[in-house]
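Asks: Can you read through this structure? Questions will come right after.
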Amino acid sequence: MGRSRGNFQNFEDPTQRTRKKKNAANVENFESTSLVPGAEGGGKYNCDYCQKDITGKIRIKCAVCPDFDLCIECMSVGAEITPHKCDHPYRVMGNLTFPLICPDWSADDEMLLLEGLEIYGLGNWAEVAEHVGTKSKEQCLEHYRNIYLNSPFFPLPDMSHVAGKNRKELQAMAKGRIDDKKAEQNMKEEYPFSPPKVKVEDTQKESFVDRSFGGKKPVSTSVNNSLVELSNYNQKREEFDPEYDNDAEQLLAEMEFKENDTPEEHELKLRVLRIYSKRLDERKRRKEFIIERNLLYPNPFEKDLSQEEKVQCRRLDVFMRFHSKEEHDELLRNVVSEYRMVKRLKDLKEAQVAGCRSTAEAERYLGRKRKRENEEGMNRGKESGQFGQIAGEMGSRPPVQASSSYVNDLDLIGFTESQLLSESEKRLCSEVKLVPPVYLQMQQVMSHEIFKGNVTKKSDAYSLFKIDPTKVDRVYDMLVKKGIAQL
């Protein structure tokens, strides 16, 4: 596939494997980048046999003899000069600096990309980028995905829109690049103080993040960092560890295209590549969905919600894939608003059953109820904390039965009407779970109906209240004890 093994007869020159390095002073670096003959700083090449100027032209470089070049004509007749022999392995040094498919990717870059993928395999984009030498890891990945994987002629690129130019246009482009380099060099000589250095990886990363996900991440806090750590998300690499469908690469681990493959085997391997491409697309879709919806960080909308309201929001997470971000946020607001209204209606109905006749009374009742629940929760916490300390003493002491007054008053704390009840009535309210205001209201209504003659037995009082008939029976029995009702 690559030029590094084209005509080498099992010989591999390590200096030619990755020849585009960051050191621009390397002569090998310029062998494929010099387009204009005699360009300044590019160096000239002469045929070592006929001494013809072959700068900027296709030439033959011997892989055994150091710094030995031949023109096409001398190579075709088998010219030899000691110590060079005509049977030495050689390399064709072409001029591939023109754009082929993309304006910012030369044909030389395309060949180095495919050669790097053949050597290091899919997924090792850092090594592939090092092999190309002029592109970053993100640029190599994006270019391979857009040009090769998403090509309608997969696995081949779409060659119907090749950015071809004639020789004059290519020379003009190269001359323009050389003029730009000269201008930059002059600027550096005039202004020796260089601007502040910016880490190239950071700038590339920021541009890649903005391009892929459409925005920067929110400012991280300690809570946010803990959520990111729990999700095993590496912010700097923008990867999960492990990734979704982490075993997808195992399909290609041992697969290799060979020259002796049958058409059926070749088609089968291409089908495996298509399946692998789809699995990568699904992995990318899920990752972009998580980043776009900001699922790695707490939702600001849920910051002021109660625990019950957060539970309601979590139940709707399964519908997030069917909505846009704005639609899902609107759904959460509507559901939370509905939950609050339903809860408010239940509280008001409970207050109404308790005998409240105004909003102020209902608020006082609900406030006392919440206060009582908080006190009971604190008491349970204290009792559980002290249980370990008094466990030994409990084993040595005889069991003490709690007083009936304490048990009866336990559920009646906070009701001023409880002062109007006797001990037996308090016990009745505790057993049947009736609050004092409701009990007094039932007693008043039943007494009024008994005096009018509408209630002569227990079953007659069932229609007066929309509660459990057993509670009505207990209240009626209490009126019988007081002599108001008759059996």
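Note: Cβ is positioned from N, Cα and C throughout, glycine not excepted.
Checked Swiss-Prot, it gives:
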REGION    1-25  region 'Disordered'
BINDING   Cys47, Cys50, Cys71, Cys74  Zn(2+) 1 binding site
BINDING   Cys62, Cys65, His84, His88  Zn(2+) 2 binding site
REGION    368-388  region 'Disordered'
COMPBIAS  368-383  compositional bias 'Basic and acidic residues'
DOMAIN    401-487  domain 'SWIRM'
Asks: Using the recorded Zn(2+) 1 site (Cys47, Cys50, Cys71, Cys74) as reference, state which further residues of the same chain have their Cβ within 8 Å of the centre of those residues' Cβ atoms, listed in sequence order.
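Replies: Everything else in range on the chain: Asp48, Tyr49, Gln51, Lys52, Ile54, Leu70, Ile72, Glu73, Met75, Ala79.
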Asks: Sequence gap of 6 or more, C-beta under 8 Å: which same-chain residues meet both conditions with respect to Cys71 (Zn(2+) 1 binding site)?
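Replies: Non-local contacts for Cys71 (Zn(2+) 1 binding site): Cys47, Tyr49, Cys50, Lys52, Ile54, Lys57, Arg59, Ile60.
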Asks: What is the Cβ neighbour count of His88 (Zn(2+) 2 binding site) at a 10 Å cut-off, with all protein chains included?
Replies: 15
Asks: Please work out the number of neighbouring Cβ atoms within 10 Å of the Cβ of Cys74 (Zn(2+) 1 binding site), leaving out its own Cβ.
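Replies: For Cys74 (Zn(2+) 1 binding site), the count of other Cβ atoms within 10 Å is 20.
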Asks: May I have the list of same-chain residues other than Cys62, Cys65, His84, His88 whose Cβ is within 8 Å of the Cβ centroid of the recorded Zn(2+) 2 site, in sequence order?
Replies: Ala63, Val64, Phe68, Pro83, Lys85, Tyr90
Asks: What mean pLDDT score does the domain 'SWIRM' (401-487) have in the model?
Replies: 79
Asks: Would you pick out, from the binding-site residues Cys47, Cys50, Cys65, the residue whose Cβ has the largest number of other Cβ atoms within 10 Å?
Replies: Cys47
Asks: Should Cys74 (Zn(2+) 1 binding site) be counted as helix, strand, or coil on the basis of DSSP?
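Replies: Going by the DSSP assignment, Cys74 (Zn(2+) 1 binding site) falls within a helical segment, counted as helix.
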Asks: In sequence order, which residues at least six apart in the same chain have a CB under 8 Å from the CB of His84 (Zn(2+) 2 binding site)?
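Replies: Asp48, Cys62, Val64, Cys65, Phe68 - these are the non-local Cβ neighbours of His84 (Zn(2+) 2 binding site), listed in sequence order.
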Asks: Report the DSSP secondary-structure composition of the domain 'SWIRM' (401-487) as helix, strand and coil residue counts.
Replies: 60 helix, 0 strand, 27 coil
